[in-house]
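Engineer: I am attaching a structure below and will ask some questions about it afterwards.
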């Protein structure tokens, strides 16, 4: 493609830094596979030195994904770079992304280093990273608040050292579009060897301007944008991949570049990330929200019926919405089930996983007349999640009576041993959670509890999301069922398993 715009997805690294959005290794692999199908150019799989879990996630994604460049973040430290290089050994194509802070406040207060020392360390880091891969990215952290003369100096030095991508982060989301675009254009114009590297933008959404700032960067010469599915990320989030990609593609009259992204997988990627992290997509979210292509006003409806382009600037099916989706039911066979999952971008590593998902599908079909794509994705997500859980919900019995306390009896399998507990309290969900907690012995603080319907109708699957805090660690749990209390129990158990898996998890840096 002439004048290609590179898409660098950091959902698995920066996106995971959203409180409660921590992902297991297997969940990261599932998301990475969808990103690969979307033809994402670079997947930042994690921060290898942060923990054993992060190292294994980067290593596994590097071994599984073949068609995207796999990247690991590292500070400008020898130990970080060596760890990243080791984790990326199995990658078909790899990149090391190293960074150091360049703003006055960061250099003085955090690093306690002089500008000369910072340049020296950045150059040394790039040269060390080149031992492992020819594809090295350098980021001057907090570039948005850094002195431009110093930025030019350190960028020139790191390009001379071998950096092939220079990423300019607006770490705290402080810039506005015109300002950020001018910065990108100025840096490209002032750095003597800028033609030897691709310039990139990494914007945060603290002022709601991440996508706008990134687009401004593209208009001013950036040819890589770092983004996340659903705009997931620290604080207010990052540049939304789906919004960035479709803005560039829809406004080809303004942008003289395009991406290789297969946009038909955007919706399935959005739903998978939402399901894994528990961060529900707001209905009015651009591109992937439930109302993104809905028209209620009579004049709008009439216009769309007569000629779609009167009120729609994109086709819904281009990003994965299927107006003529196949509705499955109790009489649908295994092949139709498998074919539909494939169309949704869902794959299983073995027949056992497919068989388990099909069994759950049949169980749901006995309770629900029509099963839609959203139901299938929820079922598959639950199937793939439970395969590696140490705590499993065996059964739940709840007794309720108006004006009386509710009783919940829970049977859990903990390390393959069944245990039973009963709790009595004013609420059925509360009683269920108390009974579960009494069996696990894990002290949990419930920070968030939300319920939503996966599809329409009184027989719809209910999706419950919980956010749990344990010893300062925040995780999300998700469960689906036609019964809300059962879905709540599944979500709570899912969260507890994440708590167990998240021990010794290190804190990630901000860029």
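Glycine is no exception: its Cβ is also placed from the backbone N, Cα and C atoms.
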Engineer: Return the residue out of 14, 415, 416, 430 that Swiss-Prot annotates for the same Mn(2+) site as 202, 204, 238.
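Structural biologist: Looking at 14, 415, 416, 430, the one Swiss-Prot places in the Mn(2+) site next to 202, 204, 238 is 14.
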Engineer: Mean pLDDT across the domain 'Pyruvate carboxyltransferase' (5-267), rounded to an integer, is what?
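Structural biologist: Summarising the domain 'Pyruvate carboxyltransferase' (5-267) by its mean pLDDT gives 96.
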Engineer: What does DSSP say about residue 204 (Mn(2+) binding site): helix, strand or coil?
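Structural biologist: Assignment for residue 204 (Mn(2+) binding site) reads strand.
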Engineer: Under DSSP, is residue 238 (Mn(2+) binding site) helix, strand or coil?
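Structural biologist: Looking at the DSSP assignment, residue 238 (Mn(2+) binding site) belongs to a strand.
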Engineer: For the recorded Mn(2+) site, enumerate neighbouring residues of the same chain (Cβ within 8 Å of the Cβ centroid of 14, 202, 204, 238, site residues themselves excluded), in sequence order.
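Structural biologist: So the additional residues around the site are 10, 169, 171, 203, 205, 210, 226, 227, 228, 233, 234, 237, 239, 511.
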Engineer: In sequence order, what residues of the same chain, 6+ apart, have a Cβ less than 8 Å from the Cβ of residue 238 (Mn(2+) binding site)?
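Structural biologist: 10, 14, 15, 202, 203, 204, 205, 210, 226, 227, 228, 231, 232 - these are the non-local Cβ neighbours of residue 238 (Mn(2+) binding site), listed in sequence order.
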Engineer: Mind checking which of 202, 204 has the fewest other CB atoms within 10 A of its CB? They're the binding-site residues.
Structural biologist: 204
